[in-house]
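According to TrEMBL, the protein has these features:
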DOMAIN    23-289  domain 'NADH:quinone oxidoreductase/Mrp antiporter transmembrane'
DOMAIN    290-344  domain 'NADH dehydrogenase subunit 2 C-terminal'
TRANSMEM  59-80  transmembrane segment
TRANSMEM  92-115  transmembrane segment
TRANSMEM  152-171  transmembrane segment
TRANSMEM  178-196  transmembrane segment
TRANSMEM  202-219  transmembrane segment
TRANSMEM  240-262  transmembrane segment
TRANSMEM  274-294  transmembrane segment
TRANSMEM  324-347  transmembrane segment
Amino acid sequence: MAQFVKLTMLSSLGLGTTLTFLSSHWLLAWMGLEISTLAILPLMAQHHHPRASEATTKYLLIQACATGMLLFATTLNAWTDMMWNIVEMKDSMAIALATLALALKLGLAPFHFWLPEVMQGLDLTTGLILATWQKLAPFALLFQISHATLPSLLTAIGLTSAALAAWGGLNQTQLRKILAYSSTAHLGWMIIIIQYSPNLAMLSLGIYIFMTMAAFLILKETSSTKISVLSLSWSKGPMMAATLILILLSLAGLPPLTGFMIKWYILEEMTKQGMFLPATLIVMSALISLYFYIRLGYFTTITLFPNTTKIKTLWRRKNKQDKITLATVTTVALIFLPMAPLIMALANSYA
């Protein structure tokens, strides 16, 4: 793909998401979502591989279904209440349909089955965009209507996402699928708390983006897409492999890493709201997720997958990307836990 075309598509991605951020009218927000969807399709299909074409087709169909459902929900709300404003939805059926449509766009359970399959057909750079930037616009819309959404619906979606994503990632050997299930599980934590503390949900989304960026950039640096390839990274770059293990543990939410801050504050808020049973269930699902994160770390450091000697092994890594971005997102993903009180104070000051 020509650099000019790629730059145009990336600019359109930014334009579509920004349009959704700035809009207060449902039609403008819908236009922003459509621009983002159409802009990422050429990036997904740029390698002209059957798997990439399949992933692009699946993504187009799923997103078209979600945006159609969202347009129907907003039209229903305008028909009953004569209102197109995003934050002033009142019809309960329209709100429920809009929430389910945004859950489908985000890859939340029980509509998450498309995300691992689509992610598997993409390269790591496009997968990074799909797992981070493409979540922003639908999450912003969900953020604006969360106050009117039925709390039990958001709780059910959050618990189902965390549980099914944890089970789905257990036996995976493809790293992109594991990160897709990780995305669904983390979004489940955010959805369950967005109704009570929207600022905490937005903070969790920001930290999740940094952690996922760090994981994808390290996998791109080591050219790892499967566990069998990841097991060879220790001999080629032990420092990079050790950093990847720490990032995986941060995604799992273990202290003293940054990911622990998300789960700590979310569980604290759920306890304040008296949600003791949902808090227990979501912690149990996090323990299942912890297993496949530790499994990846185990294969990275301790085991060496058997491979034939006919395969040429590159023992010298090439400089594939700017290390400043990798160093920045890795720092945020690992050592921001001591700054948790300051970050929460700043988040609450903008409430």
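Just so it is clear, glycine is given a Cβ too, placed from its N, Cα and C backbone atoms.
Keep in mind that TrEMBL annotations are predicted by a computer and have not been checked by a curator.
Within its own chain, the transmembrane segment (92-115) has Cβ neighbours under 8 Å at 33, 58-59, 62-63, 65-67, 69-70, 72-74, 76-77, 80, 135, 138-139, 141-142, 145, 148-150, 153-154, 157, 160-161, 163-165, 168, 180, 183-184, 187-188, 191, counting only residues six or more beyond its boundaries. Stretch with the largest number of CB pairs closer than 8 A to the transmembrane segment (274-294), among 59-80, 152-171, 178-196, 324-347: 152-171. The highest tally of CB pairs under 8 A with the transmembrane segment (202-219), across 152-171, 178-196, 324-347, is held by 324-347. Remote same-chain residues near the transmembrane segment (324-347) are listed as 199-200, 202-203, 207, 210-211, 213-214, 217-218, 221, 243, 246-247, 250, 255-261, 264-265 (criterion: CB distance under 8 Å, separation of at least six residues from the stretch ends).
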